[in-house]
Amino acid sequence: SLQDQFDTLEKHTQWGIDVLEKYIKFVKERTEIELSYAKQLRNLSKKYQPKKNSKEEEEYRYTSTRAFLATLNEMNDYAGQHEVISENMTSLITGELTRYVQELKQERKSYFHDGRKAQQHIETCWKQLEASKRRFERDCKEADRAQQYFEKMDADINVTKADVEKARQQAQLRHQMAEDSKAEYSSTLQKFNSEQHDHYYTHMPNIFQKIQEMEERRIVRIGESMKTFAEVDRQVIPIIGKCLDEITKAAESIDHKNDSQLVIEAFKSGFEPPGDIDFEDFTQPMKRTISESSLSNSRGDGKSEPKFGGKSKGKLWPFIKKNKLMSLLTSPHQPPPPPPASASPSAVPNGPQSPKQQKEPLSHRFNEFMTSKPKIHCFRSLKRGGAGPEDFSNLPPEQRRKKLQQKVDELNRDIQKEMDQRDALTKMKDVYIKNPQMGDAASVDQRLAELGQNIEKLRLEVQKFEGWLAEVEGKLPMRTEQARRQSGLYEAQNTSAVNSCAQDRESPDGSYTEEQSQETEMKVPAMDFDDEFDDEEPLPTIGTCKALYTFEGQNEGTISVAEGEMLYVIEEDKGDGWTRIRRNEDEEGYVPTSYVEVYLDKNAKGA
């Protein structure tokens, strides 16, 4: 029986509440872990997401990188499921159990208060019974003494009759008091017995029953919470499984053939490989045989050697120490530039043109390299992330065609947007004209005029880029025709669009480009292969310059200058920020245009 274990039960129920609160704390810490894990997963996914308007965004056209992006997105959803776990555990377990613990404490307090009250009541009844019993005992003893005194007085002959009567009355009084105490004691005893019976068989069992039910509900509740703990996890397993399935599906979607083809499409230049080099017979003294595949062309009898951009050594450009061309030809990352078919008059300021004669393809290609116009800013802009020329002439033909097509599409989209805005404003103006109370029709005229100007500018831009695109697309088939004729003869004279200046120009960064116009045409000068590597003739000076600042020319192709130094200008800035200067016959190179003050000759400017 637990009748005498009331205090023990009180301690046990308090321990049960402590266990419940400990479990609540455990679940709360679990939810915090889930939230922290979800946050870390989201941060991880965000960290590896491609940056907007960055090079990384372009990389996500490949199936492998798209699969990785899908994995990042699925990890984000995966993190969301852990947040769901935290939310559900907080609402279904932590919140519910916290409220239940408060109710349980109040219920327990009420039951033990009733139990203590019942105990106090039975103790009070017991005290009343004891008091009644002691009073009855005292009155009985007093009655016995009074009876004995009366009998003694009655037997004594010396005692007066009045004293005897007085003793007899006192004995009767005491006897009556004893009887009254007896009746009271009997009544109190019966009452106590009844209260004690009710206490042990009714009141306390009911209280213990309620405490027992309370404790059992607590045990059941913690068990249900543990089930909920598992169910919350189990509910997200299908969604987590779907996330993992999507990651697997993304991995299976990787197509190595497609990715390889994208690389080919992205980087193919449109150039054709050079033809075979034929054997050149050097056994004949003092003369060389003109070979259809050699790198040399005959020099005109009695004529001076042709110059390229004012350089007699232009023909040796692929083999000189500052070898840029060969690095481009052999570089797996950047193919050589498309050679132009002719050179501008300024490219051959001195010396007559060589006579027209047949040339083999590779020799002709090197001649085209000699007469092409490399721009310093082309490769440097690629290396430093700067903007290239507007017509993308720094790119190989195929890449240039793609960029121009993208630009045309982008401009057409911009035109469509502007036209949509113009149409909307036109409709608004019509509404204002029909309903003047809605607004002033003249208020939109300025905006309509601006939109018209913007559309006209964009259309001019489209025409400009479409012209360049048509030029490139017209050249690409010529490359194919050239490839078909590689094994045969190649005409020595070919016409092509050339820009105002097509000098052989080598920038400090080894960049190159081609710019061509459709205004000037001339023959391609021949180039001899000279094994003695003649010294190149210096470019003519076109002015002078004064160094405004000291420049340490550490890059290849640059030259160091001191502040205040006067030097000769041999080539103007072509828009890339570099000017070519000369100190003496042996020292020349590029310096930043902003570092010098240039004084050009008037005749040179006119040329």
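Backbone N, Cα and C atoms are what each Cβ position is placed from, and that goes for glycine too.
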**Item:** Where TrEMBL places coiled coil among the ranges 150-181, 214-245, 438-469
**Value:** 150-181
**Item:** Distal contacts, the coiled coil (150-181) - CB-CB under 8 A, six or more residues away
**Value:** 132, 135-136, 138-140, 142-143
**Item:** Mean per-residue pLDDT computed across the domain 'F-BAR' (1-259)
**Value:** 90
